[in-house]
Ligand SMILES: Nc1nc2c(ncn2[C@@H]2O[C@H](COP(=O)(O)OP(=O)(O)OP(=O)(O)O)[C@@H](O)[C@H]2O)c(=O)[nH]1
Ligand SMILES: [Mg+2]
């Protein structure tokens, strides 16, 4: 043990004895000292950690954004994740076609041929929790046949804003024959479009040296939201995702509630929550692709919150109007809100949005981050050439 001269002698009797006549740190105190130093270092390193919450109602696209971020940061998927996606793509196709078949019955429409009736009956026998063995070529063929040939299915598809169905249903139908193959290998787009509802809280680490981001994905459906409170501490930024195409569709968990109305209320609750009054919010209006094609046929005025819209109805004007409605929800300063219009299904949209968000977070925390980097360099914990 090294002697430390000229410091106070301890009276606790725990002094570490050696042959030296100097005054010694007690063993206990030395350990405490080391722990203190470690904690101090961890505290400085923690300043380079950024926690970002992905919030929004169910099916807004939070997990889609996260999937894109993982691909952008080259985080490889495990074999079991790949299998989950394959299975979910098959289930998504079956679930969506079964919803259309039920709607044919609900609207009291008739299938136009016995072949359609038989194929619909085959699908109705299965539910979307079936094991993978049930997804045979016959099942894929039945989905494909009904989608391409049955006019009653086409008719209810046109009415899809009146009942709940996944936004990417047509993608699953168009590709179901590929999904069912034994040697099916999903493309990047398949991974992005596969729908697996999130339950609980999922944390993903993204290293953007010298910063370390923890992106927290949560389930957005009503019964999942009560878990959100568990991740509200030490949040550096919120990415709130709003599903633009929800203006004329209903919620999965309550088919009497318009998705956009739910989203506006949720946004107001989050943005005005005491815990986040000074937290930057990045508001991502998602599914621009669907919105753009929908507004050609149905005005945004069908949504209660947008009924006073009387503009020309083109994409940019509608987007500006929707943005204005969201900004009006903010009860405090609005400069902490940044808005992006995206289609999360396209990687380039997420890439540019993410780069902007990271740059903005760096600017907003510049002073603190730079001082932590300087301190860590001085302690040899970071290479000298590293920059914010
Ligand atoms: N057309 C289109 N579909 C999208 C887009 N982004 C997401 N989707 C689809 O929307 C559906 C729901 O997306 P998720 O990412 O699972 O939604 P979520 O917000 O994580 O939903 P929860 O986990 O229930 O909270 C999926 O089927 C996606 O394929 C987009 O930009 N365009
Ligand atoms: Mg999710």
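Heads up, the Cβ atoms here are built off N, Cα and C, so glycines get one too.
TrEMBL does not curate its annotations; it predicts them automatically.
As annotated by TrEMBL, GTP binding site applies to 59-64, 217-221, 286-289, 344. Taking all protein chains in view, 24 other C-beta atoms sit within 10 angstroms of the C-beta of residue 287 (GTP binding site). DSSP assigns residue 287 (GTP binding site) to coil in the three-state reduction, placing it in neither a helix nor a strand.
DSSP assigns residue 198 (Mg(2+) binding site) to coil in the three-state reduction, outside any helix or strand. Here TrEMBL flags 63, 198 as Mg(2+) binding site.
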Since the record lists 63, 198 as binding-site residues, which of them has the fewest other Cβ atoms within 10 Å of its Cβ?
198
Which binding-site residues, if any, among 59, 61, 63, 198, 287 have a Cβ under 6 Å from ligand 2, given in order along the chain?
63, 198
Taking DSSP as the reference, which of helix, strand or coil describes residue 63 (GTP binding site)?
helix
In the structure shown, which of the binding-site residues 61, 219 has the fewest other Cβ atoms within 10 Å?
219
Hey, which of the binding-site residues 59, 217, 289 is the loneliest by Cβ count within 10 Å?
289
With an 8 Å cut-off on Cβ-Cβ distance and a minimum sequence separation of at least 6, pull the same-chain contacts of residue 221 (GTP binding site), or say none.
57, 58, 197, 252, 253
Should residue 219 (GTP binding site) be counted as helix, strand, or coil on the basis of DSSP?
coil
